[in-house]
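Taken from Swiss-Prot, the feature N-acetylalanine applies to Ala2. Among the features that Swiss-Prot reports, phosphotyrosine is placed at Tyr56, with the record citing similarity to another entry.
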Amino acid sequence: MALSDADVQKQIKHMMAFIEQEANEKAEEIDAKAEEEFNIEKGRLVQTQRLKIMEYYEKKEKQIEQQKKIQMSNLMNQARLKVLRARDDLITDLLNEAKQRLSKVVKDTTRYQVLLDGLVLQGLYQLLEPRMIVRCRKQDFPLVKAAVQKAIPMYKIATKNDVDVQIDQESYLPEDIAGGVEIYNGDRKIKVSNTLESRLDLIAQQMMPEVRGALFGANANRKFLD
């Protein structure tokens, strides 16, 4: 039985509606899949950027922390240096004060004579030369001469050797030093400095650990004494 034109048109419309519906469903499926893939990619990009930002700020935080440590270390070192300078300045002031007090010793002639006797004899024992020359300040010449005269027989008895000791009257020690003597061997190549300043410096070096301990207390980090 042949289909009428109306039936044919009806079937065509039905087929077109089916095709259109299928096309719409396919398009919706594609859109949904594309949106899903977009959301996944967007999430991945967001996560990647978030990780990069976190990594950047973690790196910055570490750099800032490192800079803080360096600055703190520098500040501590500067503070430590200031303390050390202050300590050295205090010790220097004490030594300068001690040097100024040496002039009081020299003014006491009796006390100064005893001191010169010891310095001259000690210098002779240190050199142990057959001929020695003593230098002193011009104003100390009489006292040093007396000290040499006392020292020669004591030296001879102790060493069982003769000795010729002369006082240099051509080249005296500077008048601005506190006092004491310098003793040379015969050709002046060897010298023993027994001026009051040199003796004070020597004593200061030997007693520096005790001085620091008395002024500032013991240093727990110091393994050896100066």
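Numbers run from 1 along the shown chain.
Keep in mind that glycine also has a Cβ here, set from the backbone N, Cα and C atoms.
DSSP assigns the residue listed as 'phosphotyrosine' to a helix in the three-state reduction. With a 10 A radius on its CB, the residue listed as 'phosphotyrosine' counts 10 other CB atoms from all the protein chains.
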